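Chemist: The N-linked glycosylation site annotation in Swiss-Prot covers N14, N188 and rests on sequence analysis. Taken from Swiss-Prot, the feature transmembrane segment applies to 27-47, 57-77, 96-116, 139-159, 192-212, 237-257, 269-289, supported by sequence analysis. As annotated by Swiss-Prot, topological domain 'Cytoplasmic' applies to 48-56, 117-138, 213-236, 290-331, with the evidence given as sequence analysis. Residues or ranges marked as disulfide bond in Swiss-Prot (evidence: sequence analysis): C94-C172. For S322, the entry in Swiss-Prot reads phosphoserine.
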Amino acid sequence: MAIPSNRDQLALSNGSHPEEYKIAALVFYSCIFLIGLLVNVTALWVFSCTTKKRTTVTIYMMNVALLDLVFILSLPFRMFYYAKGEWPFGDYFCHILGALVVFYPSLALWLLALISADRYMAIVQPKYAKELKNTGKAVLACVGVWIMTLTTTVPLLLLDEDPDKASSPATCLKISDIIHLKAVNVLNFTRLIFFFLIPLFIMIGCYVVIIHSLLRGQTSKLKPKVKEKSIRIIVTLLLQVLACFVPFHICFALLMLQGEENSYSPWGAFTTFLMNLSTCLDVVLYYIVSKQFQARVISVMLYRNYLRSVRRKSVRSGSLRSLSNMNSEML
């Protein structure tokens, strides 16, 4: 049985992540950063600048893209930490990034709940279709959930307790940096109720009523395209929530109950990866909702195909020229 060296014991006592995790995190977050930045910048530009007739869904999509961008811009700091193995940006900025890990899924779920309620209105209550064009109410709803989420996240920035304050090198961004604060357990479980269970039940309730209405044929007056689009949005939202957000919140609740002191949790790391992945999976939602976004994606794909064809032609023409030159020299 191998005896860990003093260096290994120091690393474990400092709560450092395993080397395999650091490498995986660097690769994963690099991909998420590049793809997510491209997707969400394009989406925000399309929804805010190129969409002529804005609807409530457009407003919600703008907020989703903005939230994704805010979260994505924090990834380079995490990547730097995993690459260097120490945190040089100070305790307060570490608290900000830790709070952002809690803030992002909380607000994202409420925005997805608003989109679900919007689709409920479009399918089950078509007589209120005019409300779907009332962007003012959608803006107020988004402002409300932003303020509500910020208000419950700010207390995490005001806590000074840190179990790794004396560590060398400085550490950050571990599960324990969030869950060790037993003084705010009441706040954490309240947040789980209001920012996970309630929006989740809203989404499930909307989906159940919509499916019930479709099965009973109560939506016969709707255009087939409207039904198809709404169903695709519903399926996309449901799959994204189940894959990215439900595992993260279940893990968070279990860690809070267990009071685990270890800074590294494989299950916590995996569910955090899934939660981060949602910033890229939103591209499916953008593509379904916006024709302008579809056109932009298609144009990029066509342009890439055009560039490939040009390169192939240039390579072929170059090879033909070289052959002709060789023949002329032989003659």
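The backbone N, Cα and C atoms fix where each Cβ goes, and this holds for glycine too.
How about a rundown of where these features are and what they're close to?
Modeler: Mean pLDDT, taken over the topological domain 'Cytoplasmic' (48-56), works out to 83 on the 0 to 100 scale.
Among residues of the same chain six or more beyond the transmembrane segment (57-77), those with a C-beta under 8 A of the stretch's C-beta atoms are 29, 32-33, 36-37, 39-41, 43-44, 47-48, 51, 89, 93, 97, 100, 104, 107-108, 111-112, 114-115, 118, 132, 135, 138-139, 142, 146, 276, 279, 282, 285-286, 289-290.
For C172 (disulfide bond), the same-chain residues lying six or more positions away in sequence with a CB closer than 8 A to its CB are Y81, W87, F89, C94, L97, G98.
Taking H, G and I as helix, E and B as strand and the rest as coil, DSSP gives the topological domain 'Cytoplasmic' (117-138) the counts 19 helix, 0 strand, 3 coil.
Sequence-remote contacts of a segment are chain residues at least 6 beyond its ends whose Cβ falls under 8 Å from one of its Cβ atoms, and for the transmembrane segment (139-159) they are 59-60, 63, 92, 95-96, 98-99, 102-103, 106-107, 110-111, 114, 178, 181, 183-184, 187, 190-191, 194-195.
Secondary structure at N188 (N-linked glycosylation site), as computed by DSSP, is helix.
Away from its own ends, the transmembrane segment (237-257) comes close to residues 105, 108-109, 112, 115-116, 175, 178-179, 185, 188-189, 192, 196, 200, 203, 207, 265, 267-268, 270-272, 274-275, 277-278, 281-282, 284-285 of its chain (Cβ-Cβ under 8 Å, at least six residues beyond either end).
Long-range Cβ contacts of the transmembrane segment (269-289) within its own chain (Cβ-Cβ under 8 Å, at least 6 residues beyond either end) map to 17, 21, 25, 28-29, 32, 35-36, 39-40, 43, 46, 57-58, 61, 64-65, 68, 71-72, 75, 101, 104-105, 108, 175, 229, 232-233, 236-237, 240, 243-245, 247-248, 250-252, 297.
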